[in-house]
Amino acid sequence: MEASSSGITNGKTKVFHPEGGVDLQGYQLDMQILPDGPKSDVDFSEILNAIQEMAKDVNILFDELEAVSSPCKDDDSLLHPGNLTSTSDDASRLEAGGETVPERNKSNGLYFRDGKCRIDYILVYRKSNPQTEKREVFERNIRAEGLQMEKESSLINSDIIFVKLHAPWEVLGRYAEQMNVRMPFRRKIYYLPRRYKFMSRIDKQISRFRRWLPKKPMRLDKETLPDLEENDCYTAPFSQQRIHHFIIHNKETFFNNATRSRIVHHILQRIKYEEGKNKIGLNRLLTNGSYEAAFPLHEGSYRSKNSIRTHGAENHRHLLYECWASWGVWYKYQPLDLVRRYFGEKIGLYFAWLGWYTGMLFPAAFIGLFVFLYGVTTLDHSQVSKEVCQATDIIMCPVCDKYCPFMRLSDSCVYAKVTHLFDNGATVFFAVFMAVWATVFLEFWKRRRAVIAYDWDLIDWEEEEEEIRPQFEAKYSKKERMNPISGKPEPYQAFTDKCSRLIVSASGIFFMICVVIAAVFGIVIYRVVTVSTFAAFKWALIRNNSQVATTGTAVCINFCIIMLLNVLYEKVALLLTNLEQPRTESEWENSFTLKMFLFQFVNLNSSTFYIAFFLGRFTGHPGAYLRLINRWRLEECHPSGCLIDLCMQMGIIMVLKQTWNNFMELGYPLIQNWWTRRKVRQEHGSERKISFPQWEKDYNLQPMNAYGLFDEYLEMILQFGFTTIFVAAFPLAPLLALLNNIIEIRLDAYKFVTQWRRPLASRAKDIGIWYGILEGIGILSVITNAFVIAITSDFIPRLVYAYKYGPCAGQGEAGQKCMVGYVNASLSVFQISDFENRSEPESDGSEFSGTPLKYCRYRDYRDPPHSLVPYGYTLQFWHVLAARLAFIIVFEHLVFCIKHLISYLIPDLPKDLRDRMRREKYLIQEMMYEAELERLQKERKERKKNGKAHHNEWP
């Protein structure tokens, strides 16, 4: 007799379900019949003997055990008030002896009142709701479909009614066949490749060496994880006619809880609630308020008094909490198969992608940290930093009108050294590396997704034809056309109407982008005005660092504006998407996703683009400054360059954004759930401890947000943009992203397991439209990094000086000795008497030399005031400009060629996976043939035994 794991291990032992109708799942018995390892055949009498030995002190009624699989009665006609149950959040196992499985099931809140029918779905409504007639028709049709129903009133509010739904085996089988649910039918056979003696000896030596090494610390303990049977079996679409082909040890546990809930939800989406062509489906009843909520149940409490290592997991939710959502396992791999089994493939794919992205950040973070440390180690050898720090005799022109004083170039020594940490010889290499890294990440994710799709039976899965959105039906119900797939008439949107709506939507998007640009313009004006204010400040610390103070406060204000505009953008994106009238929910999601990403991406990065490519580029020169509205002088870069401003912008925005997102993701649900529990305690008093049934506990949790995984994906995609687009200016961005993602994985896991209601398990083959957005960001990152290196940093001016104008000119060298005199060559001379009246500083500079200054220096390549063309561009300026343009072209073409070459060389499907798929297809055909042949031979033997002659050898 074959025995299989129930899905929950108990220390080093496993709980088994023997074939024959006896359900041991409710007892969590510790049977040590089989050791760890592959499953083997077990005599049923041995299992019964083990049960009897363990039940000496416990009165187990076997007749009631066998009655677990009996048909359940429909008690929907009677509405029972809620009863206080004996379940607690800390323990779900019974310790009192003499209690049978049905009695235990009554108390754990996961079954009907008879303790036999498991709750597959919960509907919630209020008795005071006026939509009574629709609800009654809907529930009557639910019973007509074969679903069993039971109602329970809330303990907190008697107006709230919970409708518990259970799907019997017949209903599950019928709809599983319609939905093509893949179920296990034969165990997988793994063939080891033939190994030669020499390789075997090497393997033995390696295995001996590994004994001295610590075991893989990042892998989860296999004794803690359940044996997921469906991952070790070949699967096929369920068929009732070929039910004998499938591995069915117990009909109650053949379909797991997530699959049962998905089947019930599929049924509810196709039940009518009113006469009419489009009066169908649970979603419409949730929209019009007939039902307040609909959700599948969590599988009990996520906490336990007993250790999972000694007593095993209470349920899959407890197991997920201990080995996934707990902070103590932050360094371990995610149990993706468990996540998929409990939450479905769509959520499982999100966490698989997040884990893959986090893992790929390790090399990027390491190289970025290496670039930063390279800057630290070479700081004392940097000729440019030395010249800046020693330039006590070079006086720089004021950076703002009137109030800004003259300053020595040596005063910016600290900023020059900080700039070298990020802008050094390794920066170009890191920019190329990150561009290639983005491509490798996406290409290897394709391969990883293919492996996951194979393991999770998603290769041949196709999304079923989606239902039309109710809003679309209501708008275009008068005009219909035949659906080419279903062959049924459906509402039709005219091409002209669709185009006009898209034009209006595009105009709204353009207007909102203009709002973002206006906000950036406001930040620019703030910077221009504030730098003069800080230059005249009383505190010497702020007065001497007016530019840094201006940049820091501007970034913080910009962050506040970003967060406020995000709220506005969500409402505008919702309005524009509904205005477009998408036909299906997936079309609606894709349209909304694209708008929200576009809005938030522009909102988050617009100020960064301004600082990187416009700050200090169009200011003019002393004596002829360019001004906003002929009033405000445009802001200049710091004497040490503009890169320090870009680093501050990226660092502050990235840290603040990630901190705020993490707080909102976990803090908001925690506060809301705490407030709900507090209200309950106030209403019922704190004298007695009230334990609620599972449906009421889940109802008091927060529902998953209306946009599904949109917020989670959006946060990570925006972070990916920050990590790649301006990474040449901030090499520590991958390291910050890595640290955030390690926390993010556990935060999201904790939120899904403990703070949110259990979402409906849904299927998906990939991450959807987000992959295309990631590819677009990868292309944009190549362009922006090329411009950052060429325009924002001083890499190209230093290179031109070293090869053309420095001491090593014409020698083909570019070392530090070739940079002698670079700082002086990069500064131009200005005659102070040529200042405009409104720009002339209050100080005459006599504090530096005792006499009024005649000349000051500024960053540019211009002729001196006494030349033929005063303040005209020098030949070095044109050489630098040509080198910058040439670098952009060469860098982009080189990196794009490398990206396309990598994309071509890396196949989307791993070779071993392709071979496994082909072999599996072959084996499945052979197994189906053998199973059918075995059935026919068995029928033939039975005919001979019964004495029935049959003329044909084969039917």
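Backbone N, Cα and C atoms are what each Cβ position is placed from, and that goes for glycine too.
Curation plays no part in TrEMBL annotations; they are all automatic predictions.
Feature annotation from TrEMBL assigns region 'Disordered' to 72-100.
Residues annotated as domain 'Anoctamin dimerisation' in TrEMBL: 111-336.
Feature annotation from TrEMBL assigns domain 'Anoctamin transmembrane' to 339-920.
Non-local neighbours of the transmembrane segment (350-376) in the same chain are 333-334, 336, 339, 420-427, 429-430, 433-434, 437, 440-441, 444-445, 448-449, 452, 709, 712-713, 716, 720, 723, 727, 731-735, 737-738, 741-742, 744-745, 748-749, 767; each lies 6+ residues outside the stretch with a CB under 8 Å from one of its CB atoms. According to TrEMBL, the transmembrane segment annotation covers 350-376 (among others).
TrEMBL lists 426-445 (among others) with the feature transmembrane segment.
The feature transmembrane segment is assigned by TrEMBL to 502-528 (among others).
Taking Cβ pairs closer than 8 Å, the transmembrane segment (548-569) reaches residues 415, 512, 515-516, 519, 522-523, 526-527, 530-531, 534, 542, 596, 599-600, 603-604, 607, 635, 638, 644-645, 648-649, 652-653, 656-657, 660 in its own chain, all 6 or more past its ends. Feature annotation from TrEMBL assigns transmembrane segment to 548-569 (among others).
The transmembrane segment feature in TrEMBL is assigned to 597-618 (among others).
Marked as transmembrane segment by TrEMBL: 717-739 (among others).
Positions annotated as transmembrane segment by TrEMBL: 767-791 (among others).
Annotation source TrEMBL lists coiled coil at 919-953.
At the 8 Å Cβ cutoff, the transmembrane segment (767-791) and the transmembrane segment (597-618) share at least 3 close pairs (sequence separation 6 or more) and count as touching.
Tertiary neighbourhood of the transmembrane segment (597-618): same-chain residues 509, 512-513, 516-517, 519-520, 523-524, 555, 558, 562, 565-566, 569, 572-573, 626, 634-637, 642, 645-646, 649-650, 653, 657, 714, 717-718, 721-722, 725-726, 729, 773, 784, 787-788, 791-792, 859, selected by CB-CB distance under 8 Å and a gap of 6+ residues from either end.
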